[in-house]
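Here is the structure we will look at, set down as C-alpha cells.
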Amino acid sequence: MSHLRSVAAKLKPYCTGLLVKHNSILRTLPPRCYVYSSGAKEPFLSGTNSSYVEEMYYAWLENPKSVHKSWDAFFRSADNGTPQCEIQGVPSLADIESKLPSLSSQGLATAPAKAEKIVEEHLAVQSLIRAYQIRGHHVAQLDPLGILDADLDSFVPSDLITTLDKLGFYGLHEGDLDKVFRLPTTTYIGGTDSTLSLREIIRRLENSYCQHIGLEFMFINDVEQCQWIRQKFETPGIMKFINEEKRTLLARLIRSTRFEDFLARKWSSEKRFGLEGCEVMIPALKAIIDKSSEMGLEYVILGMPHRGRLNVLANVIRKDLDQIFCQFDPKLEASDEGSGDVKYHLGMYHERINRATNKKITLSLVANPSHLEAVDPVVQGKTKAEQFYRGDTEGNKVMSILVHGDAAFAGQGVVYETFHLSDLPSYTTNGTIHIVVNNQIGFTTDPRMARSSPYPTDVARVVNAPIFHVNADDPEAVMYVCSVAAEWRNTFNKDVVVDLVCYRRSGHNEMDEPMFTQPLMYKQIHKQVPVLKKYADKMIAEGTVTLQEFEEEIAKYDRICEEAYARSKDKKILNIKHWLDSPWPGFFTLDGEPKSMTCPPTGIPEDMLSHIGAIASSVPLKDFKIHGGLSRILKSRLEMTNSRTVDWALAEYMTFGSLLKEGIHVRLSGQDVERGTFSHRHHVLHDQEVDRWTCVPMNHLWPNQAPYTVCNSSLSEYGVLGFELGFAMASPNALVLWEAQFGDFYNTAQCIIDQFISSGQAKWVRHNGIVLLLPHGMEGMGPEHSSARPERFLQMSNDDSDAYPEFTQDFDVSQLFDCNWIVVNCSNPASYFHVLRRQILLPFRKPLIIFTPKSLLRHPEAKSSFDDMKTGTNFQRVIPENGAASHSPQEVKRVIFCTGKVYYELVKERHRKGLDSQVAITRLEQISPFPFDLVKQEAEKYATSELVWCQEEHKNMGYYDYVKARFLTILNHARPVWYVGRDPAAAPATGNKNTHHVELRRFLDIAFDLEYFEGKPF
C-alpha cells in the first residue's frame, strides 16, 4: 500500500492540472449538479477516485494486460522509480484536449458523464462486494431451528443485502444484472475469472457469506489477514470434500451421537450434561486437532465446561470407556484421599497416535469446577508453560483450545481478562482456538435477556480475532470452518473464534424441564431431525455410503460401548489419579506418592550469598545508565552484602538466584512486580537515556543457569492468578509466584483461590506449588490497603483444630503433606528466604500463601545475618524468645504469641516499659498447618506464665479464631489463651490515621498490663 501511495503521489500533479483545465471548460456549460468530495483538488488520490486508482494498480500488479495500455505504461514507469517529470505513457494536457469532443454543451457533458458512469459502476460493485464481506453474516442462515437471527439485532433487516430493491442503494439496478464488471482485487469470488456479470457476482457472494457460514473479519486492521480469509471462503469450490473425508466425518458423528444415546439408555436419571443438539462439536474438535497435527503440532491443551465433557473425554481424548462408565456407579469408592469430583468436571492426559496424520499427539483436558470460564486462564497458563519448557516461542508445538457456552462467553468477565492476555509478551500463547457451543439459551435465560451485544462472541473483537459463525446442523460447513481456524492460528499465531450455532435437545441437565420457560423453542426442537440422520441421509443419497455401511458403523460403536460397560462392572474401586490432567513423570513414585518424607536443609554456602549479593548490587551491562536513586539502592545492597546482612529485597534476590543456579526456573508475575509496588525490588533496570533498553541482572548470575522471568501483568487479578496457577501445573521444577499489588486486592481472584488453589488437590489429585505473595499490615492506610484477609485462608485450611497430632521424626514434613496449603507470615528476611527454598526442596508440592510486609521492607530491625541463611540452616516454623526472658522462664509472667510485623512493635514497647525479663515474645512464622509440636514446647517451657495471643488485626479477623482452638487442644483446655488486639469490626481497618494510632496504643498498653486479665472469665 505504501508503494501505491508513492505511485499515486507521482500522478498527483497531472491530475491536478487536468482538473483545473476541466473546471474551466465546465464554466461555459449550463448549470448542473456536481457533488465533490473533500478531496476534490486531488481526484485520483482521495474519495472514490482514489479507490479507483488503487483498484487499477492492484489489477495491474496481478496482470498488466488487464488495464489500458496507457495505465500499463504509467505504472511501469512509476514502479521503476522514474522521476515524475520523466514518466512516459500519460498523455499531456494538450493531448487530452485534442481528444476531447468539440466544445459543444452536449459533447462536453457526455464525455465526462460516461467516464463518471464507468467509475461509479465499478465503485458500486466494489461497495456491494464489501457490503457482503462486512454484513453478510447478519443474514446468514445460522440457526438450525430457524427461529432466531443469530445476531439478535432487531435493527438489522432480514433483506439487508439480498433483495434486488437494495441494489439502488449501491447505485445499481435490475437492468445491470447481466452487465459484466471487472472484479476488484479485494475479492476471490472470480476464481480464475477477472470479470463476472452482476448476477453471478451476487450469486457467489450469497454462497460465500449468506448460507450456513457467517464471517466477521472486516474489523481486522491488517490487509494480509483479511485477504487470507477472503481467499479461504470466497474461492469457488474451495469447500468441497472428498468421499474419504465425508466418511470420516460421518463415523465421528456416529460416535458422538451414539455415545450420548448409550448414556441415556443406561443411566436415564443421571446428570451428564449431554451434547445432544451439538453433536458436531466432537468432529469439530477432531478436525482442529487433525489439521494442527498435520502442520506439526504436538500437544493440545483443552479447557471446557461440563456440557459435552464426557463425550470429549471418550471420543477426543480417548479415555477408556469402562473408566468413564465406572463414574456412574455410586457404589464404587475412590482409592485416593480427597473428596473427588463429579464426573463432568474431571480432566485427563493422554498420549496417542493421531490416525489422520500418523503422528504422535498429546492431549490434556484440564479439570475445572462448575464456575463457568474459570478454567480459561488456567489453560492459557499451562499452555504458556509447556511452550516455555519446549522452547516453543512461536507456538508451533503446543496449542490451547477453549470451549465456551454462549451465555458464559458473553457474561463472564474472566473471558475478557483472558483475551487481554493473548498478545502480552509474557502471557501470549501464540493464538487460541475458541469454540462457542451456542445453543441459544443460558439455563433458562433467553439470550435477549443475557447479553447486550448482537453475538455472544463480540468480546473477541477486542483482540481483532476473526469470528466464524456456522450452522451446527451443516457438518461439512463446520468441518471446513474448523480447518480454516486451525490454519489461521498456525499462520498468524492469533486467536480465532468458531461460533457453533446449535440447540440443546434436553433441558439444562437431563432432569430439567425446559418447556416451563422456552415452550416454543422446545416445540421446534422436538420436531428437529437429529444432525446424524440429516447427514447420513445426505451421504446415502449422494452414494458416498450405503445404508448397510451406515448401520454397520452404528452397530460397531454400540458393541464397543456394551463391551466397555461389561468391563466396568468388574471394577472394585475408582482411581481419581487416573484422571490426572497434568502428570509429573519421575517426580513421584509410580503410585503417585512422594519418594521420601524429608526435606534437606534450605541454607546455602556463604560464598553463594556473597556472589548473588554482588550481582544484585551491580549493573551487568556496559554503558547502561541507571537512575540516581537506584544507584543509592544498589550501593546500600553492596554495603549490606559486605556486612553479611540482608533486608527483605536482598533475601528474595538470594532465594531466586540460588534456585536459578540449581536449574529451577523462577517466574514472578503480578502488577508492578518488576520494580515492586513499594519500590524495593528493582529486578528490571531501565536505561535513563535509551528508551526500552532494560537489564535483568538476575539473568547474569551464573553460566548455564535457569532463566528468570519477572513480568508486570495487566491490571487483572482473576485472569492473571489463574494463568500463573496453570503455569505452575506444568512442572514441579519451577518456582511460580504471583504477587498482589496489595493483599487487599486478591479477592477479585477469589474464584481461583477457592475452586483451584485451596481444593484442587482434594478434587483432582493435582499437586501445585504456586506461591501467593500478599502484602499485609495495619499501617494506617485505610480499609483497602491494610489486610490480605488471613482469616479467610485459615478458615479454608484443612488441619483439624481438635485433633492432637502424633509427633514423629518427620512430623514437620508429613504435616505439610497432609495439608491443603501452607500459610506463613514471616517476620524476618531469613524466614522468607528459607520458606521459598523449602517450597522447591520438599518432595511434593503445596500452594504457599505468604503475607508479606510493607513497612518491614525498610525497617532497620527487620534484617537477617548470613549466619541465618548459610549451609545447614532451615526455616523456623516458630521463633522462640531468645532474650532475657528465655533465661529465667519461671520468672516470666506473660508469654505473648504473635506473628508478623506486630512483633517489632511489641519488642519496642516491652523495652520501653522495662519488661524484657517478665514478658516473653514468641513468633509463629508458619500459621498453617499449625506447629503443634513447637508451640507445645513453648507452652511447657513457660508453664506458670499467662498466655496471650496478640495481633494487630481486628478480633473477628486475622489469626485468633484459628490459633485459639489449636492452643486449647495443646493445653487440653487447662489454661486460657487471652486475646490482645483490635476490637471486632466490619471493615479491615480505619481510614483515619489518628484513630489507627489510638487503636495501636490501646492494645499495646493491654499487652504489657500484667494485671489486665486478672479475675476475668475466659
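Using N, Cα and C of the backbone, Cβ positions are placed for all residues, glycine too.
His138 (Ca(2+) binding site) counts 21 other C-beta atoms within 10 Å of its own C-beta, drawing on all protein chains shown. Marked as Ca(2+) binding site by Swiss-Prot: His138, Asp151, Asp153.
Residues or ranges marked as thiamine diphosphate binding site by Swiss-Prot on the basis of similarity to another entry: Arg307, Asp406, Asn439, Ile441, Gln671. For Asp406 (thiamine diphosphate binding site), the same-chain residues 6+ apart in sequence whose C-beta sits under 8 angstroms from its C-beta are Val436, Val437, Asn438, Asn439, Gln440, Gly442, Pro447, Pro456, Asp499.
Mapped onto three states, the DSSP output places Asp406 (thiamine diphosphate binding site) in helix. Sequence annotations record features per position, and here Swiss-Prot assigns Mg(2+) binding site to Asp406, Asn439, Ile441.
Around Ile441 (thiamine diphosphate binding site), the C-beta neighbours below 8 angstroms that are at least 6 residues distant in the chain are Ala407, Pro447, Arg504, Pro514, Gln518, Met521.
Among the binding-site residues Arg307, Asn439, Gln671, the residue whose Cβ has the fewest other Cβ atoms within 10 Å is Gln671. The two recorded residues Arg307 (thiamine diphosphate binding site) and His138 (Ca(2+) binding site) have their Cα atoms spaced 27 Å from each other. Taking the Cα atom of each, Gln671 (thiamine diphosphate binding site) and His138 (Ca(2+) binding site) are about 40 angstrom apart. Cβ proximity to the Mg(2+) site centre (mean Cβ of Asp406, Asn439, Ile441, cutoff 8 Å) flags the following additional same-chain residues: Gly405, Ala407, Val437, Asn438, Gln440, Gly442, Pro447, Cys502, Tyr503, Arg504. When secondary structure is read from DSSP and collapsed to three states, His138 (Ca(2+) binding site) falls in the helix class.
Following the DSSP three-state reduction, the secondary structure of Gln671 (thiamine diphosphate binding site) is coil.
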